Amino acid sequence: MSTPSFLLSLSFLFLSFLSISLSQQPPKGYLIDCGATSKTAIDDREWLPDEDFISTGSSKNLTVPRLIPTFSTVRSFPLQNNLRRKFCYTARVYKGARYLIRTAYYYGGVNGVNFPSPPVFDQIVDGTFWRVVNTTEDYRKGSTSSYEAVFEAKGTTMSVCIASNTYTESDPFISSLEMLLLGDSLYNTTNFDSYALSLVARHSFGHNRSVISYPDDLFDRYWEPYAENVSVLASNNTPSVSGFWNIPPSKIFESALSTDQLEPLELRWPPLSLPNSTYYIALYFADHRDSMLSGSRVLHIHINEVRYISNLEVTSAGAAVFATRWPLEGQTKITLSSAANSNASPLINAGEIFDILRLGGRTHTRDVIALNAMKSSLRNPPLDWNGDPCLPLNYTWTGITCFEGERIRVVTLNLTSMGLSGSLSSSIANLTALTGIWLGNNSLSGTIPNLSSLRLLEVLHLEDNQFNGDIPSSLGEVRSLRELFLQNNNLTGRIPDNLVGKPGLDLRTSGNQFLSPSPS
């Protein structure tokens, strides 16, 4: 249906881009120059180096001449044995707010002469698979590539991840990342509790100059030029965009596609074949004439011969129509025809189409907090310990297995022989769904924390480390425990009575400095 007109206060919609650390309140948006080591100003907007947002990967400079600064560096991530691994940027955000996420890529041969074509890899936001990144065709043409989506922040941080897959043949990379806060009215017919929007196409019809973006678009959406072999109408009479939910830039109403006389207008749009999915479609219209003097312009719109809307009256005040869940597959044809009571030919100014993504969920918050605290206590945690620990399911953190039920919980932790050093955080006791912990053959030190809260724990392997102090008697309170391997550490004191001879427990403590003999 058409959008009702209502006024919005534009003062709060202007974005400010501030240099701000993750420990402070988040700014209205982040412009991140991936791989850069210093701030860069482009068109009076400040791009930040990425070191405050990611702790892994390596910065690389491209040697391609005449690149704009945000494409002259990349952050590259190591590919190891084609393992599915993700590497995540994490930023502070406003919980419940809507964000435009845009990633951009230019390969520049960064992986060397043995890999002349860009790698193909995945993008992930929090626990949701977003889409495959394949920049091969753009790179062959000498072009950059960008991807855009709209996600709602489910917590106070949001992660955007680059992920290698089985089809990734060389190190994945990223050139830039934007995370921009959107106004509350934008795309508000979408249920962001369950879905996100992945941009397929956004065009200004009849526009034949450069891409329309910020500052013409307050939210820095990209409106690409689009021309068909039909009439182009120009207009100096643009409507106020404050009456549109999606607040498009007024510049899109400066041109339109139309036809001679009252003939139907057919568009093959978007200009690509679509996979079978459900889509969000928004179309924008404004009569370039003074409607009071020129009569009515009334349209019927069909998509692939299916009625989209009938008797849409287009005036100089503008109109927009939305389809929030429209099934499409293959090539798409949009047909606009004049209604019987119309005395003007059909026209269209702009369009947006998004693939509707079902969200993948999130690991239980308690487990996420505990694992991040544990990560902080390790001097060299696994490189992919960032983003959501359990999701997507093919991209769980190294050493973790999860249970996918009503609540997604971490159930085992196996980091045997990972070369870990540091201490074992007491936060591990908050992973209350754990049934097994394997941390043997590392260089972990410090004391063993109280794990009595792990009521489901059956296996605890801490052998061949450098733990010191006493064995906590609280381990004897874990009734389900059947394997406790503590051999070859620096443990002292006495073995607690509630562990010695405990029925069903395989207890191994040799190679320590106890005051009493060890059972084995």
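From the backbone N, Cα and C atoms, a Cβ is placed for every residue, glycine too.
Features reported for this protein in TrEMBL:
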- 1-23: signal peptide (SIGNAL)
- 32-355: domain 'Malectin-like' (DOMAIN)
- 366-402: domain 'Leucine-rich repeat-containing N-terminal plant-type' (DOMAIN)
Query raised in the report: Where else in the chain does the domain 'Leucine-rich repeat-containing N-terminal plant-type' (366-402) make close Cβ contacts, counting only residues six or more beyond its ends and a cut-off under 8 Å?
Result: 54-56, 78, 84-88, 90, 124, 126-129, 159, 161, 163, 360, 408-415, 418-425, 427-433
Query raised in the report: Reported in the order helix, strand, coil, what are the DSSP residue counts of the domain 'Leucine-rich repeat-containing N-terminal plant-type' (366-402)?
Result: 15 helix, 4 strand, 18 coil
Report task. Calculate the per-residue pLDDT averaged over the domain 'Leucine-rich repeat-containing N-terminal plant-type' (366-402) and state the result as an integer. Result -> 94
